[in-house]
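Participant: As listed in Swiss-Prot for this protein:
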TRANSMEM  8-28  transmembrane segment
TRANSMEM  46-66  transmembrane segment
TRANSMEM  93-113  transmembrane segment
TRANSMEM  144-164  transmembrane segment
TRANSMEM  189-209  transmembrane segment
TRANSMEM  313-333  transmembrane segment
TRANSMEM  350-370  transmembrane segment
TRANSMEM  376-396  transmembrane segment
TRANSMEM  421-441  transmembrane segment
TRANSMEM  509-529  transmembrane segment
Amino acid sequence: MALLHSTLIWIVYAIVVGILSIVASTFVYIYQTPRDRSAAVTTVCIFTLTALLATVLLLPVDVALVSSTTSEFGRRKDWATDHEVEKITYSLTVVYYFLYSLDAVLCLLIVPFTYFWYEEYDEVAYEDDGRFTRKPFWGAFKYTLVFILLTIILFLVGFFVPVAKDRKGAHFDLDYFKRLLTENHGERALTFALGLLIVMGIIVYVIYSSTGLAFFPISFIKSSPSISSPMLSANIESRLEENIERQRQLEGRCGGNPDHLSSKDRRELDSLVREERTLRRRKRLAEASRGQGRNFVIKVWYKLGAVFRPIKLLGGLLLLAISVMIWISMLLTCIDKAKNSVCKQKCGYILGKINIINPVNWVLVEAASVFPADYVIFIVLVLHLFTSSVVGIATIGIRFLWIRLLQIRKGHTSPQALLLATVMLTLITLALNYSISMIVVPQYATYGPQTFCDYPSIPASAPLDCSKHKEYLKPCSELANNPAAKAVCTPSVASTFLNRITLNFPFFGIVDFWAQFVFLGFSLIVLLISLFRTPRFDEQQMDEDAEEAEEEGLLAASGSRFNAAWQDTTGRTRDQRVRFRDDE
């Protein structure tokens with residue numbers, strides 16, 4: 001029965017990972033530009049995002065497996081011997097170490113290599129005969145050597161860096177904290193490396209995720225005007241008519257010869273010609289966005305989008321409620337940690353016992369008794385925060401200080417920007433792993449629905465049984481003094497690993513904890529600004545999109561004409577020419 005239950009849990013996780021790959025693929029294909037699409041870049045981005053989300057969404061599996069060892073009456077199940085529990089935690093530890101190591105390698109090595117490879121490949125592309133060259137790979141490897149060296153240094157520092165030496169105090173006498181102190185140098189190296197990556201991710205998380213958490217639901221509620229709206233389309237048509245009429249007036253003055261115009265009128269005429277070109281681009285873009293000239297299915301799709309626009313408003317209100325619930329839960333836990341942490345900054349504000357109940361944590365703990373109900377809620381929570389991070393990156397862009405370097409937009413994101421956004425999402429997801437487990441749902445992430453029986457048994461050696469005294473059932477915690485808690489409660493592997501980081505390297509825990517208050521402040525400011533700010537239509541961006549679409553159309557037409565002319569001249573297609581070279 002226990003084996004069947006564990007197998008079903010892992011099967012659910014495998015299905016979720018498959019769904020995550022679809023989510024990651026959807027994100028990549030929505031944002032990347034079709035003109036510069038690269039199979040290698042697309043594959044790396046999808047695989048990286050899938051691995052990251054799989055790491056975060058392993059937590060409900062962790063909680064379900066360790067919680068399956070206890071009964072609803074606060075006792076260990078008959079099959080849950082110490083050996084069996086150790087087998088469960090060991091298998092989870094192996095999976096976590098594999099996923100965390102994979103995330104680190106992808107972030108520090110694979111994605112940078114792909115970035116440099118695309119830069120080199122973009123310059124070299126193909127030789128004239130259509131075969132690959134080795135130059136892009138060697139050039140990318142040369143630049144990636146710097147990241148390889150940094151990775152080696154990072155793990156060497158983690159291998160030899162001293163852990164927290166201030167181990168005096170009542171909190172270090174607890175068995176739970178003794179187990180967290182790392183003595184293995186290999187574990188210490190991985191712990192240090194991930195702790196540093198989480199701190200780096202916290203910085204990105206505070207800036208982008210806080211913005212997205214507030215702006216994501218508001219973007220549904222207060223959508224910016226669409227170019228396909230009748231008012232804007234009518235405005236474009238009116239301005240185009242005025243422009244043409246003014247050009248006729250100027251041309252009428254000179255009898256069709258612009259040289260007879262004054263310099264002022266010639267400048268005005270040139271300006272009107274440029275404006276007419278821009279307005280015609282906007283008109284074509286507006287017609288395309290309304291589905292004009294497209295097939296019946298596309299037109300129906302646009303009509304349905306207009307009909308179901310009120311549902312989008314309701315969806316925005318629902319997302320806003322989720323964001324507010326997450327914000328309140330984070331605030332309550334942060335206050336609880338700041339006030340009731342057993343060791344404060346000495347152990348990175350580890351919370352030994354939940355003193356203030358937060359709503360998200362309560363819902364997940366209650367739902368955890370009926371797996372996979374908690375998994376569904378947890379997936380919604382993670383995807384909401386992940387999507388908010390994507391929206392934050394798209395809103396702010398990739399910047400250095402106040403200078404925008406690259407822009408993340410639907411259908412207009414270059415491969416370089418997509419790879420950099422993937423690195424940022426990697427760091428953000430590692431930070432999310434800490435924030436969700438330690439701040440949003442601390443009790444659920446540590447012990448889940450596990451309880452122990454605090455009923456005094458007579459004789460003392462008899463097993464505790466609360467089947468008839470449910471009022472004595474208490475949630476498991478690190479500070480429980482009853483020996484029954486130590487015999488029954490099993491913390492999740494994820495919480496053990498994250499608490500090990502903050503306990504062995506308190507500086508990381510201090511930064512991660514206090515950054516949550518900055519996150520809450522930023523998100524509140526962005527929410528207030530978004531509520532009172534009217535969305536504006538970006539005409540400059542629309543002109544750039546229209547110009548880009550026109551260039552793509554011209555390039556496609558030019559390429560077709562060139563290929564046709566070449567085939568007429570040579571008498572054979574390019575494929576035939578390549579086969580002829582191969583035969584030679």
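Glycine is no exception: its Cβ is also placed from the backbone N, Cα and C atoms.
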Participant: At a C-beta cut-off of under 8 Å, are there same-chain residues at least 6 beyond the transmembrane segment (421-441) that contact it? List them, or none.
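Facilitator: Same-chain residues near the transmembrane segment (421-441) but 6 or more away: 31, 44-45, 48-49, 52-53, 55-56, 59, 103, 106-107, 111-112, 194, 197-198, 200-202, 204-205, 208-209, 326, 329-330, 333-334, 337, 351, 358, 360-361, 364-365, 378, 381-382, 385-386, 389-390, 393, 398, 408, 413, 494-495, 498-499, 512, 516, 519.
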Participant: What else in the chain is close to the transmembrane segment (189-209), if you only count residues 6 or more beyond its ends and a Cβ gap under 8 Å?
Facilitator: 97, 100-101, 104, 107, 154-159, 161, 182, 385, 388-389, 392-393, 396, 424, 426-435, 497, 500-502, 504-505, 508, 511-512, 515, 518-519, 522
Participant: Should anything in the same chain at least six residues away from the transmembrane segment (350-370) have a Cβ under 8 Å from its Cβ atoms, list it; otherwise answer none.
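Facilitator: Same-chain residues near the transmembrane segment (350-370) but 6 or more away: 60, 63-64, 67, 72, 171, 174, 176-177, 325-326, 328-330, 332-333, 335-337, 339-343, 377-378, 381, 438, 440-444, 448-449, 475, 477-480, 499, 502-503, 509.
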Participant: Restricting to the same chain and to residues at least six past its boundaries, which positions have a Cβ under 8 Å from a Cβ of the transmembrane segment (8-28)?
Facilitator: 42, 45-47, 49-50, 53-54, 57-58, 61, 64-65, 68, 371-372, 375, 379, 383, 390, 418
Participant: Restricting to the same chain and to residues at least six past its boundaries, which positions have a Cβ under 8 Å from a Cβ of the transmembrane segment (509-529)?
Facilitator: 198-199, 202-203, 205-207, 209-211, 213-215, 218, 323, 327, 330-331, 334, 337-338, 345, 347-350, 431, 434-435, 438-439, 501-503
